[in-house]
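Remarks on the structure that follows.
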Protein chains: 2
Amino acid sequence: MDPSDAAHPGPGRAVWTLAPRLLLLPLLPVLLGRGLRLGAAASSSGAAAEDSSAMEELATEKEAEESHRQDSVSLLTFILLLTLTILTIWLFKHRRVRFLHETGLAMIYGLIVGVILRYGTPATSGHDKSLSCTQEDRAFSTLLVNVSGKFFEYTLKGEISPGKINNVEQNDMLRKVTFDPEVFFNILLPPIIFHAGYSLKKRHFFRNLGSILAYAFFGTAVSCFIIGNLMYGVVKLMKIVGQLSDKFYYTDCLFFGAIISATDPVTVLAIFNELHADVDLYALLFGESVLNDAVAIVLSSSIVAYQPAGLNTHAFDAAAFFKSVGIFLGIFSGSFTMGAVTGVVTALVTKFTKLHCFPLLETALFFLMSWSTFLLAEACGFTGVVAVLFCGITQAHYTYNNLSVESRSRSKQLFEVLHFLAENFIFSYMGLALFTFQKHVFSPIFIIGAFVAIFLGRAAHIYPLSFFLNLGRRHKIGWNFQHMMMFSGLRGAMAFALAIRDTTSYARQMMFTTTLLIVFFTVWVIGGGTTPMLSWLNIRVGVEELSEEDQNEHRWQYFRVGVDPDQDPPPNNDSFQVLQGDGLDSAGGSRTKQESAWIFRLWYGFDHNYLKPILTHSGPPLSTTLPAWCGLLARCLTSPQVYDNQEPLREDDSDFILTEGDLTVTYGDSTVTANGSSSSYTASTSLEGGRRTKNSSEEVFERDLGMGDHKVSSRGTPLVFPLQENA
Amino acid sequence: MDPSDAAHPGPGRAVWTLAPRLLLLPLLPVLLGRGLRLGAAASSSGAAAEDSSAMEELATEKEAEESHRQDSVSLLTFILLLTLTILTIWLFKHRRVRFLHETGLAMIYGLIVGVILRYGTPATSGHDKSLSCTQEDRAFSTLLVNVSGKFFEYTLKGEISPGKINNVEQNDMLRKVTFDPEVFFNILLPPIIFHAGYSLKKRHFFRNLGSILAYAFFGTAVSCFIIGNLMYGVVKLMKIVGQLSDKFYYTDCLFFGAIISATDPVTVLAIFNELHADVDLYALLFGESVLNDAVAIVLSSSIVAYQPAGLNTHAFDAAAFFKSVGIFLGIFSGSFTMGAVTGVVTALVTKFTKLHCFPLLETALFFLMSWSTFLLAEACGFTGVVAVLFCGITQAHYTYNNLSVESRSRSKQLFEVLHFLAENFIFSYMGLALFTFQKHVFSPIFIIGAFVAIFLGRAAHIYPLSFFLNLGRRHKIGWNFQHMMMFSGLRGAMAFALAIRDTTSYARQMMFTTTLLIVFFTVWVIGGGTTPMLSWLNIRVGVEELSEEDQNEHRWQYFRVGVDPDQDPPPNNDSFQVLQGDGLDSAGGSRTKQESAWIFRLWYGFDHNYLKPILTHSGPPLSTTLPAWCGLLARCLTSPQVYDNQEPLREDDSDFILTEGDLTVTYGDSTVTANGSSSSYTASTSLEGGRRTKNSSEEVFERDLGMGDHKVSSRGTPLVFPLQENA
């Protein structure tokens with residue numbers, strides 16, 4: 001692609017290099033299977049083919065089988081890595097080691113295996129073959145190749161840089177463990193992102209919605225442009241020093257700014273969870289990092305789409321710029337709509353069918369609908385990953401309430417496992433990639449520049465924005481919070497996936513290498529420094545109670561780590577909960593909806609009065625909120641449960657969550673009537689069901705707040721806000 | 001491949017046909033993604049490429065994007081199909097429609113969509129391009145193609161028959177919905193098969209082990225050879241009549257016999273479950289069908305491997321025959337060993353770590369280890385699907401006991417969902433394939449012959465073998481059971497997957513078409529006729545109690561449908577259970593281990609005295625079963641729980657299962673000590689844990705027997721067998 005690349009045969013000369021090994025390490029057995037089965041097919045039909053090519057066929061078959069085995073072995077390597085990681089995580093959790101998170105661990109194991117593969121395995125060169133041939137002037141996605149009268153079909157895998165042709169083959173094992181980058185984007189990221197959306201602590205998220213949106217949109221854009229411009233300076237410097245051996249444009253710098261602006265503070269959040277740090281800070285960080293990913297993806301696509309017309313391809317072009325902005329808005333809103341629409345459709349289907357009698361069917365439907373969001377968005381030209389995020393949020397907000405108790409835990413556990421596996425896989429792959437990836441471009445100046453740039457970019461992202469936000473916030477974001485947010489700018493899976501997606505050009509390879517090092521540094525150093533930082537910044541953390549119910553406590557903690565699950569805390573931790581308050585949350589009662597932004601209040605009213613009643617079994621009956629002339633429609637859409645359970649409207653985005661005891665007494669009866677079918681499945685489920693299946697079952701979803709809430713909630717006073725006035 | 005194929009260019013002339021669309025409809029987004037991202041990559045690096053090929057690049061990009069969208073749309077079609085199926089299943093279950101099973105339904109929807117795609121979409125022909133080129137004499141798995149100075153990498157997808165080159169392109173949409181056959185074998189079958197092994201009702205399975213093994217091994221082999229020979233007769237007849245237009249060898253006939261001998265009575269078993277039919281018959285049918293699949297796979301591989309030396313390739317060759325037999329035994333025992341070893345390793349890991357404190361880690365480990373079985377077997381040249389089956393059985397027998405309560409339900413639910421989705425996907429694909437598959441060879445004689453042959457083959461499989469088995473069985477297999485087994489010879493997912501795996505030759509295409517029709521017929525007709533057949537044959541079925549707890553009952557039934565889950569029946573069904581006995585099981589007390597085969601008694605003693613104590617937390621302490629000089633080893637391997645809970649040895653493969661009440665009273669205390677950490681996670685879990693986590697927690701796994709057992713068990717008399725004497 002780059003004309004300046006060496007060893008580049010002229011366009012007139014045609015070279016067909018036949019590489020007998022698959023470059024791609026297939027993630028899934030289907031890909032694995034192909035090689036072998038092809039061999040098997042050849043063998044089985046070999047009985048019918050009595051020509052002289054039988055020996056050749058056998059050779060091809062053997063080779064395919066060999067390749068299939070190697071694929072299996074390399075996938076096994078990854079599984080072994082993950083197994084090792086899991087066992088070590090267990091050991092760490094068991095011994096309460098907290099300075100290294102599981103993702104950091106996965107990277108270390110990946111590094112070790114990478115070193116072994118790189119230096120421990122013989123550099124066997126594949127049997128390269130090249131053949132000359134007349135050629136067309138463009139590439140097609142499928143080739144049909146006639147070889148001795150047999151037709152073989154080839155699919156396009158990708159373009160490779162001409163300079164690399166001779167060393168791609170250098171080590172089979174290294175090539176085997178190198179994945180198709182699209183695996184990350186299309187298989188591993190969606191479950192991670194969906195889980196993030198699905199497990200968002202809605203209550204705190206919505207309370208800080210304005211700030212989170214500001215950080216995610218303005219902050220990321222600011223960070224992207226500042227990093228991009230700083231890096232352009234660094235690149236200019238490199239050109240002067242003579243360290244730059246190929247082209248590196250301004251758009252490349254901006255692209256780097258976009259991919260590196262995707263923060264992923266998984267390590268920090270895990271520690272926050274474990275130490276029960278401030279819930280608002282948690283919500284700000286988590287919400288920002290989740291939305292931030294979506295913004296970064298769309299931003300990077302928009303920058304790629306910035307192609308000024310005419311020959312002057314790298315100067316500023318207003319038309320192209322506005323087109324890029326339009327693309328950004330279009331893709332973002334389109335993906336958002338796709339996600340929200342699928343979520344709403346799922347909510348309607350689960351509401352108006354009695355599917356909750358069959359949790360298996362329900363879970364399957366839930367999974368399929370969530371997956372279809374991805375496909376729908378991709379089919380329409382939007383970004384599947386972004387759509388999946390908003391689908392997750394919608395599903396958690398509406399569909400979750402309609403699911404049966406069993407499906408709730410099923411769907412959460414399913415995505416939790418997928419998320420866990422995908423995340424650890426990505427991080428162990430990162431460790432591996434440092435040594436096995438064959439196109440690294442290490443440039444010390446660029447790397448140092450990048451570290452400085454992300455520091456400055458993060459600072460320019462957090463401090464000014466926090467200042468402006470504090471002007472509008474009643475509950476200010478304190479300096480210690482700002483410093484902590486500044487500190488928590490880790491880079492992780494998303495930055496890596498965006499960087500590895502395209503490593504064809506020199507600039508992209510340099511970016512990839514730099515991103516990898518930034519991820520390593522931030523995960524290990526910042527991740528390890530979170531606990532000291534928290535205490536240094538005087539951020540409220542829960543008192544760690546090392547009771548004699550060691551494992552029990554321990555186990556519960558695990559549930560709160562990283563994945564932000566919606567589990568109830570074990571009842572014997574109630575005393576522990578009460579110990580936590582340190583004065584800040586005693587005044588928590590005043591931090592209510594009133595201090596949220598007007599846009600949130602508007603949304604909240606609309607959601608509570610119209611969307612919730614339409615999409616779920618909770619909320620006020622539509623007949624009371626809709627105008628009188630919509631009476632028939634209102635009656636159709638409102639589920640009968642709502643009339644049965646017309647309790648005083650509770651503010652489920654407030655701090656006041658009823659305790660379990662209260663709910664059982666107050667709403668226990670109507671519950672069993674409404675959902676009796678699902679709640680008496682087994683004795684244990686029925687107990688759980690009876691306790692959980694309240695008419696407005698959202699509280700359960702949101703009960704794993706911080707401990708402060710539990711303290712407040714133990715007062716058990718349902719506070720009713722004058723909602724109708726706001727709407 | 002077949003020299004007689006028409007329109008086949010000579011080996012001297014080289015034709016490179018460039019087909020711009022992917023032939024393969026990718027199952028997973030990674031494959032989907034490739035086309036588009038390639039385009040994106042081209043676009044992003046387009047900024048750097050200032051040559052004249054920018055327009056071409058854009059065209060390629062557009063095309064790739066278009067292809068990606070079409071892929072997404074076709075995957076969406078399948079998801080829509082599955083969603084529709086799920087909703088209709090719900091409606092059927094809700095209305096208690098029983099004549100059509102969900103798999104039959106999935107096929108019907110598939111058929112409808114297939115018809116629409118076939119006749120409703122315009123037959124747009126793709127832009128075929130061909131280019132001449134000198135060529136090598138064999139195919140490689142990777143091609144590097146130089147196009148205008150850019151190198152593109154192509155991977156080998158498979159061989160296509162030369163006659164088809166011009167019509168492969170005939171309809172894009174039809175091609176899009178045609179999967180790579182290996183998807184079935186490497187992605188969809190493993191979860192189905194693993195689930196079958198994991199959910200095997202061990203108690204009844206082991207009690208009938210001898211008969212099941214006989215049916216699975218001898219029966220399948222007999223059926224395969226009889227069908228093969230009959231079909232060879234049919235093929236001879238077709239040759240005489242002039243209906244055969246291509247070669248069809250004896251080995252092809254045997255191969256057909258092997259693939260069509262894989263029974264899959266999913267429909268019948270679902271109805272058995274729903275109607276609570278005889279548990280022994282259920283165990284025989286389910287066990288046979290599960291093992292049968294493994295035998296059929298290995299048998300078909302062995303037949304493919306039968307390649308006599310020399311030129312006389314289709315005559316009988318003793319050496320080749322024995323080699324095939326050796327291959328059969330080798331692959332089978334190898335796969336069995338792989339599966340068992342991974343299961344045992346998982347059991348040891350889960351026993352000797354306290355991983356059960358962290359259910360997420362535990363589930364992830366369980367999933368990874370089970371998956372690694374597949375890869376390990378494939379890497380060693382064995383059959384992954386077979387290994388996965390035995391891994392599932394081992395995991396259920398040992399590892400399951402070491403898992404925490406939450407991981408048990410998590411792992412079961414995870415595989416249940418995967419199984420459900422995979423199975424329904426395969427069946428809806430079958431419906432679709434009837435119209436969209438482009439290489440059908442309908443031969444009425446062959447089809448009629450096949451129907452007769454499978455009927456005779458099934459008869460020759462069941463009746464003689466039952467006669468011989470009855471000589472040895474104390475509890476005879478009655479005539480009505482034999483007729484029912486004869487009747488239940490449905491063909492399903494496995495036969496289809498084996499048939500579609502290779503459709504390159506004329507013979508294989510004819511087999512595929514015939515298999516498809518056989519699956520349709522058996523699933524619809526036999527599936528629908530099960531209920532009348534059961535009553536006609538006077539087979540004991542439970543009294544269907546249509547109580548007012550309609551949905552509750554209903555929901556519970558669903559759990560027992562098809563997937564054979566190990567759920568406890570809801571407590572309010574206890575009365576219902578007691579109603580069931582019809583005299584047969586009152587005498588059930590005599591049907592104990594004593595009447596099982598000696599080989600089973602030997603195995604049972606070994607398993608109970610050595611394997612269970614080593615691999616799980618249950619069983620007698622090893623110090624009592626191992627010789628005295630192994631004292632130290634015994635102490636290391638026995639878990640401390642065993643000493644605490646040294647209850648009188650209970651016969652967990654007998655009919656006598658303690659009721660819950662008994663267990664709680666007798667072993668409740670020691671349990672909470674042993675597993676207290678996991679049992680007090682939440683109030684509900686703790687209750688469940690306290691009830692479930694008995695020292696020998698296997699009974700829970702096996703409590704969903706039939707109703708007869710519950711009746712017996714309600715007497716609550718633990719019967720202790722003199723085990724030590726047998727061992």
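For all residues, glycine too, the Cβ spot is worked out from N, Cα and C.
TrEMBL labels come from automatic prediction, so no person has curated them.
According to TrEMBL, the protein has these features:
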type	residues	note
TRANSMEM	A:73-92	transmembrane segment
DOMAIN	A:85-536	domain 'Cation/H+ exchanger transmembrane'
TRANSMEM	A:104-121	transmembrane segment
TRANSMEM	A:183-200	transmembrane segment
TRANSMEM	A:212-234	transmembrane segment
TRANSMEM	A:254-272	transmembrane segment
TRANSMEM	A:284-306	transmembrane segment
TRANSMEM	A:326-352	transmembrane segment
TRANSMEM	A:364-397	transmembrane segment
TRANSMEM	A:417-437	transmembrane segment
TRANSMEM	A:444-463	transmembrane segment
TRANSMEM	A:483-500	transmembrane segment
TRANSMEM	A:512-537	transmembrane segment
REGION	A:563-590	region 'Disordered'
REGION	A:674-727	region 'Disordered'
COMPBIAS	A:689-712	compositional bias 'Basic and acidic residues'
Stretch-level contact, the transmembrane segment (A:104-121) and the transmembrane segment (A:73-92), CB cutoff 8 A, at least 3 pairs: yes
Top partner of the transmembrane segment (A:212-234) among A:183-200, A:444-463, A:483-500, A:512-537 - counted as Cβ pairs under 8 Å: A:444-463
Residue numbers, six or more beyond the limits of the transmembrane segment (A:417-437), whose CB comes under 8 Å of its CB atoms: 78, 81-82, 85-86, 102-104, 106-115, 117-118, 174, 177-179, 184, 187-189, 191-192, 194-196, 266, 492-493, 496-497, 500, 512, 516, 519-520, 523, 562-563
Long-range neighbours of the transmembrane segment (A:444-463), counting only residues six or more past its ends (CB under 8 A): 215, 219-220, 222-224, 226-227, 230-231, 233-235, 237-238, 241, 243, 256-257, 260-261, 482, 485-486, 489, 491, 510, 513-514, 517-518, 521
Closest-packing stretch to the transmembrane segment (A:183-200), where packing means Cβ pairs under 8 Å, from A:73-92, A:284-306, A:326-352, A:364-397, A:512-537: A:364-397
